[in-house]
Amino acid sequence: MTEYKLVVVGAGGVGKSALTIQLIQNHFVDEYDPTIEDSYRKQVVIDGETCLLDILDTAGQEEYSAMRDQYMRTGEGFLCVFAINNSKSFADINLYREQIKRVKDSDDVPMVLVGNKCDLPTRTVDTKQAQELAKSYGIPFIETSAKTRQGVEDAFYTLVREIRQYRMKKLNSNEDGNQGCMGLSCIVM
């Protein structure tokens with residue numbers, strides 16, 4: 001069974017835990033209890049493949065920002081979550097993305113941009129804005145509601161698909177790099 005290490009990042013109060021718990025336990029938590037760090041595991045079938053999702057739900061509060069580098073190192077893919085009724089959380093997405101790229105030492109990291117709380121009528125971040133940001137990053141964008149479950153599975157499953165593509169790309173580039181060697185080792189003296 002293939003394991004995928006997913007990390008849920010974003011500002012405090014955007015619904016990272018609510019999304020994760022909705023996926024894992026099929027239930028909505030509506031009281032706000034700031035997370036320090038929680039880990040969840042769930043076996044699912046995505047595109048006919050049985051997968052083990054290892055999901056790290058992270059702290060959005062600034063006082064826990066020192067912990068971010070560590071979990072960003074271990075994560076394979078990232079759900080970058082903002083709340084559609086919180087423009088600051090949307091602006092913060094770039095900070096998370098830049099930190100992920102720095103820690104991973106790569107511009108090519110599997111990510112999905114997630115606009116949560118789409119069930120609320122008080123939108124301050126336009127869907128088009130988010131779509132344009134995701135397009136500029138070259139990543140998918142999905143609107144979700146942890147309350148109604150809209151888009152929840154889609155967000156996590158899309159991230160798994162992004163990780164799969166990334167793994168295949170790395171595998172293919174490694175194979176391409178080895179073609180000229182014909183399995184022989186070279187020593188430079």
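The backbone N, Cα and C atoms fix where each Cβ goes, glycine too.
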Which residue range, 32-40, 104-112, 140-148, is the one Swiss-Prot calls motif 'Effector region'?
-> 32-40
By Cβ count within 10 Å, point out the most packed of the binding-site residues listed: GLY10, GLY13.
-> GLY10
Which state, by DSSP, holds GLY13 (GTP binding site): helix, strand or coil?
-> coil
Min neighbour Cβ count (10 Å) across binding-site residues LYS16, THR58, CYS118 flags CYS118
